């Protein structure tokens, strides 16, 4: 066991190596590793955020879908109601129209009947007068019995 | 074999010294150059990875380097609670460098020394018996003390930067024993100082001798196994090598952990 200048040489080499490691090895490596750790943490956080976003979006989609379905049902119900209403209205209108047509026709018929009766009455009266004239021509003076003739005529 | 077994072991345990006489100004060329090469290997690979580090789709080498950095970072954050830009790179350097130096023990004991002998003999005309090459730098006390004394300097530096020069010197004389009055404080100061010195000096000595002892004994056992008949070497060599994988990693880890612990103690207030 003898000490010599090797010890100093070793100590100097050691100092240089430590300085070199301090300057060129340790900082870049640890910085890089820290950055990587940060990046991994960021990535995980982003993934978590994405998952949450996705869940929220799915929930919103389900909500909107449900709403749309509800709206569609409402619309269908309203449309059915409206259709029924229109049918009812049409029926009503048709009914009133029909009734009107019927009453019109009835009144026309009545008028026709009245007119026919009138005409008939005229003709019967005429025929009766003509018949009576033929019968009475011989016995009755037309001028004398004009009042009588008129009253008979009116009775028809 | 038995007659030159001692020579074989001695040859394996002799450093390539820059001067034949030895002395303080001489250099162990083998441990110094191997540790230098391994240090540059570590720095080069890690700096290469750091420069080309990709945030996404990291390669296998990058993942390997990252796992080491992560391990060191976790240990430092668990033990050292003050803020420092030095301690984590320091711990990383210690772990990787000591591990690489220890790992030289896993090379066959004769591989590098014989290569060195062949090169010395062929290209430099050296006597092969006088070409020495010890390939495990951490089995050299100079190397381990070079590391641990640097750690000691860091401990002192961290203490002073955390408590101030005055605070640190005051603590040397007033802890661990506290007295209520000024007389008691002065009386206790020598005992406190002596204890603090022991505590301070025991740290680098235990650090370096633990590493040195483990690696030296490991190397020695590999040398002893190499003395067995070649057909029987695997019987002991394989289990010892496998066990040694644990030892070299553990020793590097222990050196790093204790350095972090010592430095965190240095910045804590007593």
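The backbone N, Cα and C atoms fix where each Cβ goes, glycine too.
Sequence-distant contacts of the transmembrane segment (B:32-50), counting only residues of its own chain at least 6 positions beyond either end whose CB sits under 8 Å from a CB of the stretch, comprise 61-62, 65, 92-93, 96-97, 100-101, 104, 135-137, 143. Annotation source TrEMBL lists transmembrane segment at B:32-50 (among others).
Non-local neighbours of the transmembrane segment (B:86-103) in the same chain are 34-35, 38-39, 41-42, 46, 68-69, 72-73, 75-76, 80, 136-138, 143, 147, 151, 154, 211, 215, 247-249, 251-253, 255-256, 259-260, 263; each lies 6+ residues outside the stretch with a CB under 8 Å from one of its CB atoms. Taken from TrEMBL, the feature transmembrane segment applies to B:86-103 (among others).
For the transmembrane segment (B:115-133), the residues of the chain that approach it from at least six positions outside its boundaries are 11, 14-17, 30, judged by C-beta separation under 8 angstroms. Among the features that TrEMBL reports, transmembrane segment is placed at B:115-133 (among others).
The transmembrane segment annotation in TrEMBL covers B:145-169 (among others).
Under the heading transmembrane segment, TrEMBL lists B:175-195 (among others).
Annotation source TrEMBL lists transmembrane segment at B:216-236 (among others). Cβ atoms under 8 Å from those of the transmembrane segment (B:216-236) belong to residues 1, 5, 8-9, 12-13, 105, 109-110, 134, 136, 139, 244, 247-248 of the same chain, restricted to positions at least 6 beyond its ends.
According to TrEMBL, the feature transmembrane segment maps to B:242-265 (among others).
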